[in-house]
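Per TrEMBL, the features are as follows:
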COMPBIAS  428-439  compositional bias 'Low complexity'
COMPBIAS  440-451  compositional bias 'Polar residues'
REGION    425-526  region 'Disordered'
TRANSMEM  44-68  transmembrane segment
TRANSMEM  89-110  transmembrane segment
TRANSMEM  116-139  transmembrane segment
TRANSMEM  180-200  transmembrane segment
TRANSMEM  221-244  transmembrane segment
TRANSMEM  264-284  transmembrane segment
TRANSMEM  291-309  transmembrane segment
TRANSMEM  315-333  transmembrane segment
TRANSMEM  354-376  transmembrane segment
TRANSMEM  382-403  transmembrane segment
Amino acid sequence: MLRRLEIARPSPATMFRALKHPNYRRWATADFVSVTGAWMQNLALNWLVLMMTGSASLLGLSFLFQAAPRVLLGSWAGAVADRWPVRRILFVTQTLHAVLAVALAAVAWTGAPLPALYGIAVISGTITVFDGPALGRFGSQLVSREDLSNALSLGSIISSAGRILGMSLAGALVGVTGEGWLFLLNGLSFLGVLVAIQRVRPESMHQLATSTPERAGAKAGLRYVLGHRPMIALFALSFVLSSLGRNYQLTMAAMSNGPLGTGAAGYSLLSVVFAVGTVLGGLLAASRSELTLRILLGMAMGTSVLQMLSGTSSALLIFAAVIFPIAAGAVVIDTTLTTRIQLDSDEEMRGRVLAAKGIVTAAAGAVGGPVLGWLAEQAGPGYALQLAGLITTLATAAAWIHLARMPERRDMPAHRKWAQLTVAHSGAPSAEQPQSAQQVETEQPPENQPTDAAPAPARNPRWLMRIDKPAEVKPDTTHAGTASEASRPQRVEKPQREEKEPTPKISVPKAPVPKDGVPTVNSSSG
């Protein structure tokens, strides 16, 4: 069974450890400004569409237009991020985002019809599809591998703080200045991002491997993702949670304009409460040394149950009190998922894996937005929340049972232990030390090694850890020090094989051979 959920006590020494990297500090400052502007634009755009149409389903349709390009072009965009310099990609995409924000301001000032807003939504989604994977690879190069999960958690805090400030400013200004000025301010916020990209020092970046010609392209990335059942299960759960459990920008607007009867002021207040909850979630995630699968599933179950309760609320304060922990749990879930798929995938595939996650999120938004909007119109926002919460609860329970039946997936951070086992027992050759034909014939897995723990085929890269970088695994010294001997136990037990085994040809003269006659894997001549 999955172990019970445990939340570690926050430690200031580890909670902000990613800030020790200068490049990350430069980026974090600019990111906060940009996120603030982005949420000002989101609130203004959602409210503008709702006021123009008075329809929650048409508001959900705008989410569909933004998500469609990500679904159609996501795999290709991920392949581009894995092959081309991400700084150049980001400079282009961030510039286009700034131009698009200015264009949106012009549309708002001129009173253009709704199709113009939908057209801008399509263009925005097209830019975002290339921006997302490149941004993920870029962010992971600003810190070391050990600090990546903390950097993602701090990024969630930055996003939440920017959401609070952006929503607060938008709520105060939208009734005074109108939506156009909020769009313009968002366009100006991208200037800080462009400056930060130029100020990042390449020599201090932790470079990731780029894809080789053999592993390049969208098809290779698709095969890589489909080859890992745990990743598919997590993406399936993420789709359900994102489509029916994360569209609170739509449901909060519908609840404010419907059962709660609070209008724009109530919507702004709920948005701020939700943002404060995401700050708490970011702090919880940052306090963890590792983000585990059981944390993800536990938070998913808790937020799903609370979502059903939120649908029964008839007062603004009660609804706000329920969505507060939902927001915190949502951040922990998203941060855990993003951390795991980045750390547990090959570096040269990271852009395409992130693109796959983006496709899932976009498809979820494309489906969930119109569906929740239609349910809110037909049966009421409260009923829509209750039904959606019930579905996400059942989906989480199904995922929990499915993943618990996979022994190697019971605890995601066990990837270190799993990597030790594969290095010790698989006999997989490294690039520096090829495996001889005689070794292939004589090597057999230990008798006590479970069959399901055998290493995956070469065409199906391991989900948990790259074993061609054992230095990053940091196994226990008593185990790792005998990895090469442990992988060849039968040659020690059967001396008759030693007589048939030829002495390996080594370019260095007089290379030492161990007393037992078995050549070691990591010889000095390698």
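Here the Cβ of each residue, glycine as well, is placed from N, Cα and C on the backbone.
In this chain, the transmembrane segment (89-110) lies in contact with the transmembrane segment (180-200); the count of Cβ pairs under 8 Å, excluding pairs fewer than 6 apart in sequence, is at least 3. Using the rule of three or more Cβ pairs under 8 Å, pairs at least 6 apart in sequence, the transmembrane segment (44-68) is in contact with the transmembrane segment (116-139). With pairs at least 6 apart in sequence, the transmembrane segment (315-333) and the transmembrane segment (354-376) have fewer than 3 Cβ pairs within the 8 Å limit; the two do not touch. At the 8 Å Cβ threshold, with sequence separation of at least 6, the transmembrane segment (382-403) lacks contact with the transmembrane segment (116-139), having fewer than 3 such pairs.
Tertiary proximity for the transmembrane segment (116-139) is limited to same-chain residues at least six positions away from its ends with a CB under 8 Å from its CB atoms, namely 27, 45, 48-49, 52, 61-62, 65-70, 73-74, 77-78, 80-82, 86-87, 89-90, 93-94, 96-97, 100, 103-104, 107, 151-152, 155, 208, 338, 342, 350-352, 354-355, 358, 362.
It is 264-284 that, among the stretches 221-244, 264-284, 291-309, forms the most Cβ pairs under 8 Å with the transmembrane segment (315-333). For the transmembrane segment (221-244), the residues of the chain that approach it from at least six positions outside its boundaries are 75, 78-79, 82, 215, 296, 300, 303-304, 333, 337, 340-341, 345-346, 349, 351-353, 355-357, 360-361, 363-365, 367-368, 371-372, 388-389, 391-392, 395-396, 399, 402-403, 406, 409, 456, 459-461, 463, judged by C-beta separation under 8 angstroms.
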